[in-house]
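One structure is given below, encoded as structure tokens.
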Amino acid sequence: WIMGHMVNAIAQIDEFVNLGANSIETDVSFDSSDNPEYTYHGIPCDCGRTCTKWEHFNEFLKGLRKATTPGDSKYHEKLVLVVFDLKTGSLYDNQASDAGKKLAKSLLQNYWNNGNNGGRAYIVLSIPNLAHYKLITGFKEALTSEGHPELMDKVGYDFSGNDDIGDVANAYKKAGVTGHVWQSDGITNCLLRGLDRVRKAVANRDSSNGYINKVYYWTVDKRQSTRDALDAGVDGIMTNYPDVIADVLNESAYKAKFRIASYDDNPWETFKN
């Protein structure tokens, strides 16, 4: 999965997919009443990027729905996964459950079209704080009470705080999650970060009793760091330059071993080669 980083304006969906992304990451900010409000990152952000592009969250979802609904004039067949980077730092821990419920209702109405031929992309809820695990249970409760528990088949999870892998496993246990787990690791492109924790995550993914299904690394903009991440065995790379990742995947060393994921590749299944 080539994951376009910080895609917060509707126009950027086309831009990143046209550069080679089959997945995008979108920032979601919340208001003081736990409602998802804007797709917005803010300053500071990655080096070389404009930090302030934004849409109202529900409007972005409508644009995203068009981009992922077969038959729509804006449809991109290869856009198959969306990571919502949930900026829950503005919320108290006890607001997490309500934020999850409101997020689910927004998605149900504006992205999934109330279960009637909505967008088809798989969705990852990426949460920065382990203490906010109730966002997951709230999200699930809302979809169930709205009569659409089947949509949880399209939803996966990530805790993005670079926490100890054992602590992450514990948070999932509390949230009742047993699958659909992506594990992120990384840092802003302005700084360097080694691959030690990525290797630990990959080892967990490949062990018989691990909780992780997929591992992705962020934010990778250079060819050499792309090669290093692929050599470590990641499933996804988040980038500001999808074309760079696509170029490296075309190199003879990687062409035989990796390919770009399509809609038929289940993002919740651990890849066994």
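Yeah, the Cβs are placed from backbone N, Cα and C, and that goes for glycine too.
Under 8 Å, Cβ to Cβ, and six or more positions away along its own chain, H5 (active site) finds E25, D46, R49, W218, T219, M238, T239, N240. Annotation comment: Swiss-Prot describes H5 as active site.
Residues annotated as Mg(2+) binding site in Swiss-Prot, with similarity to another entry given as evidence: E25, D27, D85. DSSP assigns D85 (Mg(2+) binding site) to a strand.
Swiss-Prot lists H41 with the feature active site, nucleophile, giving similarity to another entry as the kind of evidence. The number of other Cβ atoms within 10 Å of the Cβ belonging to H41 (active site, nucleophile), over all protein chains shown, comes to 23.
The annotation disulfide bond is assigned in Swiss-Prot to C45-C51 (among others). All protein chains considered, the CB of C51 (disulfide bond) has 15 other CB atoms within 10 Å. The DSSP secondary structure for C51 (disulfide bond) is coil.
What Swiss-Prot records for C47-C190 (among others) is disulfide bond, and it gives similarity to another entry as the kind of evidence. Just so you know, the Cβ of C47 (disulfide bond) picks up 12 other Cβ atoms within 10 Å once every protein chain is counted.
Under the heading N-linked glycosylation site, Swiss-Prot lists N250, citing sequence analysis as support. Sequence-distant contacts of N250 (N-linked glycosylation site), defined by Cβ-Cβ distance under 8 angstroms and a gap of at least six in the same chain, do not exist.
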Q. Considering only the recorded positions H41, C51, D85, which residue has the minimal Cα-Cα separation from C190 (disulfide bond)?
A. C51
**Q.** Cα separation, D85 (Mg(2+) binding site) to C51 (disulfide bond) (Å, whole number)
**A.** 14
Q) Near D85 (Mg(2+) binding site), which residues of its chain come within a Cβ-Cβ distance under 8 Å, counting only those 6 or more away in sequence? A) E25, T26, D27, V28, S126, P128, S160
Q) Looking only at Cβ atoms, how many others are within 10 Å of the one on C45 (disulfide bond)? A) 21
Q. In the structure shown, which of the recorded positions E25, C190 has the fewest other Cβ atoms within 10 Å?
A. C190
